[in-house]
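Peer 1: Below you will find the structure I want to go over with you.
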């Protein structure tokens, strides 16, 4: 790695070319995201778009006292904190199972990736059929003498959303892990085998170490996708779902529709701040673990 | 491995375990494939059969229709009578669906193509001659990438309003072209191209632009294809953007229409869903190896 930086100190013109390459994207991002986001920050600090009086952090304190907002934050945080680690663990588990000698591996791979093909709206329709009050799951339960419940409106609603999320994303993450598992040098495992290392030791001290960059990568991807699950929730339940499914995105969508830009801007800024902190932590962790593997 | 002692007991246990694993994986795989199968299978039923089976989910049916609807929601995989009626209605009798399909194409294809062009150029810039300034921009891109659409909703709306793009396709296409998701993935891939390749090309007198087009792009072909597929699938399913930026439904893509059809023309929903799946299915049939190879490359394994 160190040699690389030394060698890359090329001629000045070459360095300028690489900077120029970034320009179109940078301009686009500035125009469409960064500059308008600065306006959003400004919006979050004034009282209303007409008077434009500076009110400091008033919009933020109001937000913290807003019941809908705190509920939405709680639900979103819960969902992400459960679904993201679960998707990492389960996809790693699946990848390790598929590492064994199993016939038809590539067919399974296709099956696991198939959720990417289906249009979101069709998936939502199928899930509705399954979990509706008079739907398939309840009919099966009733056949065995149990009592069905309206799943999506019940406290289990969140579990269903988490399942939907896992269903959609496990396949992709699994392939990431499968390739990472293949990249672990065979000789290290063989040496460990010869020395009589237990499979738990091999997993924790060898595999996890080599997998750590991939784990972080999957973590980041899962986080992005966990925010995208709103699409499914929205199609399943509309603008005002039951309490447990009311996400931050619902809150923002609804405040947007009611034209309360001050509240919305403050929420957007807060969200961005939290993400900056989370990503900084993740990237620092990647640096530490990444170096660990190289040595 | 010259000498190997036979360990039959352990071996047999291993084989048993393999079979259990196989059965487990098989079950999981069936679960994963299930919605796809349901959607396709149901698309061959008559509209009446579907309304009868699933109508109970929707309360906004007329009384007359309701008499034919089972009070339970019946999930069915095998149609009573296989027909292409739904497809006839979707593809021939009513031009609405094809128009919306075209709306989807005309939004998604330019977004994918231009986002990839921008991404190739930018990722090249990021992966060559890294410096602090680029590092900061890249971090900003990662933050931007991770934001849910609702956070960029107001910025998007403000820009579209300012440039008078509301109600036009540009309002959706232009910001999407600069979405940094593909840049993040592709930069990860390009950073791992060995510097020796570049040096060899330089000795042959290749300039930076030639290095980009003759070395970086061909080496990243698989990754580019797979990222393009991901971008395509993501925007093919867009729902939020059109609803916010285009109040008129004239230009709405089929994905938005499909999400509303579920409550209205339930009898056609599965056929429309299947038709909407065709591009992604084709992509899978012809590009799955690319997809897997590309995912593999972007896996973030350093070295």
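Glycine is treated like the rest: Cβ placed from N, Cα and C.
Curation does not apply to TrEMBL; its annotations are automatic.
Marked as transmembrane segment by TrEMBL: B:20-41, B:101-121, B:133-151, B:171-190, B:211-233, B:266-286. The feature domain 'ABC transmembrane type-1' is assigned by TrEMBL to B:101-287.
I'd like these features described in context: how deep, what's nearby, how far apart.
Peer 2: Residues 107, 110-111, 114-116, 118-120, 122-124, 126-127, 138, 141-142, 144-145, 152, 156, 159-160, 165, 216, 220, 223-224, 227-228, 230-231, 234-235, 238, 241-242, 245-246, 297-298, 300 of the same chain lie 6+ residues outside the transmembrane segment (B:171-190) yet bring a C-beta within less than 8 angstroms of a C-beta in it.
Outside the transmembrane segment (B:211-233), and at least 6 residues removed from its termini, the chain residues within Cβ reach (under 8 Å) are 108, 111-112, 115-116, 119-121, 124, 127, 181-182, 185-186, 189-190, 193, 197-198, 201-202, 279-280, 283, 287, 290-295, 297-298.
Through the fold, the transmembrane segment (B:266-286) approaches residues 36, 38-40, 42-43, 45-48, 50-51, 54-55, 57-58, 86-87, 89-91, 97, 101, 104, 229, 232-233, 236, 254-255, 257-258 of its own chain, all at least 6 residues removed from its boundaries and within a Cβ separation under 8 Å.
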Peer 1: Should anything in the same chain at least six residues away from the transmembrane segment (B:133-151) have a Cβ under 8 Å from its Cβ atoms, list it; otherwise answer none.
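Peer 2: Distal contacts: 125-126, 179-181, 183-184, 187, 240-241.
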